[in-house]
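Record features (TrEMBL):
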- ASP50, GLY51, ARG52, ASN53, PHE54, HIS55, SER96, ASP97: GTP binding site (BINDING)
- ASP50, GLY51, ASP97: Mg(2+) 1 binding site (BINDING)
- ASP50, ASP97: Mg(2+) 2 binding site (BINDING)
- 27-156: domain 'tRNAHis guanylyltransferase catalytic' (DOMAIN)
- 159-274: domain 'Thg1 C-terminal' (DOMAIN)
Amino acid sequence: ALVGEGFLCERYCLFFSCSIGMAKSKFEYVRNFETDDTCLKNCYIVVRLDGRNFHKLSELHKFLKPNDDRALGLMTRCARSVMEDMDDIIISYGQSDEYSFIFKRSSNWFKRRASKLMTHVVSQFSSSYVFYWKEYFGDQPLLYPPGFDGRVVLYPSNRNLRDYLSWRQADCHINNLYNTVFWTLVQRGGLTTTQAEDRLKGTLAADKNEIMFSEFDINYNNEPLVHRKGTALIWEKMEETVTKRVKLPNEDEKEVPVTRFRRRVSACHCDIIGDQFWEEHPDILEDDNC
């Protein structure tokens with residue numbers, strides 16, 4: 001019986017191995033249906049993510065209006081986590097519930113596959129949002145899992161990339177100016193949200209500034225830069241000096257200072273539309289003649 005069982009077991013193992021081999025060769029053709037989504041070379045790869053239905057999330061978690069610094073800080077912490085995980089990202093820019101991550105033109109992360117880059121950025125950001133929630137909201141519980149959608153866009157030149165980032169910062173200014181005057185009318189002016197919306201219909205930026213200044217003594221230019229300009233995350237080289245014990249020939253060990261450079265992610269709340277920012281950080285962009 002034992003011999004018979006061993007024989008059957010051997011036959012079963014041979015059959016199973018053979019079946020796996022046949023199955024692999026038989027069904028592997030389905031890979032031909034995959035779409036080649038390799039990003040064009042010599043282009044900056046931009047992955048932009050947006051919060052999914054964040055209006056609901058902000059209402060349920062009682063985010064402060066017009067800006068909740070806890071929520072903005074959490075978004076930036078998540079973006080920092082993404083950059084620290086993927087050091088080919090040369091700059092990221094965020095405002096409200098969105099963040100854009102720019103990969104250098106020479107990046108070969110995931111062989112430049114758009115789907116891989118996008119899903120990795122979105123998943124890292126989403127998990128970080130849950131992981132770091134308590135650091136910014138304390139004992140306030142996160143009531144349901146937040147979601148983010150993403151997209152990939154390629155920009156071939158430095159001018160194109162700068163115009164993209166300028167577009168996002170201009171959008172930050174437009175939205176924040178509207179939200180600031182809107183919630184001022186509601187919270188300090190006693191209007192309902194519908195009345196405030198009607199009041200602002202057809203108004204230009206100058207009109208909104210005038211409402212805040214003449215009626216509420218608010219100078220919009222004095223509002224926090226993080227609200228008006230958004231947040232740009234860049235890499236900065238930090239010099240640090242450490243003490244190291246070394247042994248020199250014919251001498252005892254002694255401590256000597258050693259200077260080294262480390263990179264860290266730094267936040268900037270400033271204008272990135274003009275030239276000054278780019279002149280102060282010339283290492284961000286690659287040569288257009290590459």
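Glycine too: its Cβ is placed from the backbone N, Cα and C atoms.
Automatic prediction, not curation, is the source of TrEMBL annotations.
Overlay of TrEMBL feature records on the structure.
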residue : record           : contacts (Cβ under 8 Å, 6+ apart)
ASP50   : GTP binding site : ASP97, GLU98, PHE148, ASP149, GLY150
GLY51   : GTP binding site : LEU57, ASP97, GLU98, PRO146, GLY147, PHE148
ARG52   : GTP binding site : PRO146, GLY147, PHE148, ASP149
ASN53   : GTP binding site : GLY147
PHE54   : GTP binding site : ASP97, PRO146
HIS55   : GTP binding site : none
SER96   : GTP binding site : CYS172, ASN175
Could you state, as a whole number of Å, the largest distance between Cα atoms of any two of ASP50, GLY51, ARG52, ASN53, PHE54, HIS55, SER96, ASP97, the listed GTP binders?
13
Cβ atoms other than its own within 10 Å of the Cβ of ASP97 (GTP binding site), all chains, total 19
Show, in sequence order, which residues other than ASP50, GLY51, ASP97 on the same chain lie with their Cβ within 8 Å of the centre of the Cβ atoms of the Mg(2+) 1 site.
LEU49, ARG52, PHE54, SER96, GLU98, PHE148
